[in-house]
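Just below is one structure, and these are the notes that go with it.
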Amino acid sequence: MRRSEVLAEESIVCLQKALNHLREIWELIGIPEDQRLQRTEVVKKHIKDLLDMMIAEEESLKERLIKSISICQKELNTLCSELHVEPFQEEGETTILQLEKDLRTQVELMRKQKKERKQELKLLQEQDQELCEILCMPHYDVGSTSVPSLEELSQFRQHVATLRQAKASRHEEFVNLKRQIILCMEELDHTPDTSFERDVVCEDEDAFCLSLENITTLQKLLRQLEMRKSQNEAVCEGLRAQIRELWDRLQIPAEEREAVATVMTGSKAKVKKALQLEVDRLEELKMQNMKKVIEAIRVELAQYWDQCFYSQEQRNAFAPYYSEDYTENLLQLHDAEIVRLRNYYEVHKELFEGVQKWEESWKLFLEFERKASDPSRFTNRGGNLLKEEKQRAKLQKTLPKLEEELKARIDMWEQEHSKAFVVNGQKFMEYVTEQWEMHRLEKERAKQERQLKNKKQTETEMLYGSAPRTPNKRRGLAPNTPGKVRKLNTTTMSNATANSSMRPIFGGTIYRSPVSRLPPSGSKPVVTSSCSGKKTPHASRHGANKENLELNGSILSEGSIPL
């Protein structure tokens, strides 16, 4: 049963009770019957009007609720469509009043979401516009919808965050480029002469448009300035090198050099101008001191010839070196030659340094070889002999390796340049082979000289006897005993030849006999006397060598065997 029917029945019961109560009162009062009936009708009429009014109000409320529900449902559907959410669905059965309340609440919530999204969209659009103007980029397109979806807002937020990162990155790059540009301009004494350069240097950093085109233009401007700076530095360094060279050639004193020390660093325009003035001054001095300058260049030429291992023929090829007509033309020829040689040495510096290293190692090796053949080296103390032997062994190993490395590098160089790499007028490996061959021949010659010397000494000793020498200390031998019996083998002595001379096995010396002997040619015998200029052996030394030693079963007496 509907609520209105229940209310009507309840109202009727209440009215019936009220009428009955009025009739009882009317009876007690004594109101006539006809008046009671009239009054009853009046009361009924009032009650009916009141009920009609109440019903009309309830019906009006019902209509308003239904209308509100319809409006809310319509608006809610629109909001759900705009906000891209699912339409609202009431759960379970409910009254019209509750349904209207729920719909109205949901509409308010949707309106709030719509308002928040639109506010966020507006804020993002403002940020996007500001960033796009700074970065010179197109604005973000959010579509034709008035209310963005949650996904669209998320993409918009990400886009704005990306723009912020790009702005921060470009601003940092711009500040760095601006700082370098200002430094280069100061170094070059350059004043901004274009509107772009003035915007970069003079204007506020936040007002500069950070477009990719502007950043690229900044990078290009910096490269141009750095190139000019590098060119200035190269020019200034060339002027400084020219100044130092002229100082050395003209033998400028240190006092005059210190006067221009302030411009020997930097590459600003004023420094470049000061360097050029100094070069002009020195050039004028050079023309006034032509002979001294040319001689200084010739000294430098000789140094480069040595460093480049030029042969005498190659040196003679530069005829102006030997000219004594000191003119400007001769100076120019020398300047051109020194420049050519300097460039030649710098290009092949590694090869020349390798050859120089081999030359030094070779000279050291030859020095060790010379010391190895010197008998006096055994008297050295302090371990020098051991050190020399270690260095000599090390050189014997490293020299072939160094030669192999140089050979590989020179072969590669000759393939690249299609010409031979010469040292002292011949190919390097031929030069190395020749040095080894000369060393071998020198050792062979020294060996033959020693053999010839020993042979001559042996022949002389066999003919005249050996020269007296101080006996070496003999360890392990018993002291001389005067009463000792010595065996003499007269048979062996008689069979010995007149020119034979023999040495004791323990290092002692058998002296030449003072008895006259026949010369080898069979002429008159040579008489040995005190006035002949030869000293006889000292008595004590003579006595010390009187021992007879047994050798191969033969007993030798003191002195040579007389004829």
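Heads up, the Cβ atoms here are built off N, Cα and C, so glycines get one too.
Residues or ranges marked as coiled coil in TrEMBL: 96-130. If you look up TrEMBL, you'll see 446-487, 513-551 marked as region 'Disordered'. Among the features that TrEMBL reports, compositional bias 'Basic and acidic residues' is placed at 446-459.
Per-residue pLDDT, averaged over the coiled coil (96-130), rounds to 86.
Same-chain residues lying 6 or more positions outside the coiled coil (96-130) and placing a CB less than 8 Å from one of its CB atoms are 62, 65-66, 68-69, 72-73, 75-76, 79-80, 82-83, 85, 88, 90, 139-140, 142, 146-148, 153, 156-157, 159-160, 163.
Counted with DSSP, the compositional bias 'Basic and acidic residues' (446-459) comes out as 14 helix, 0 strand, 0 coil.
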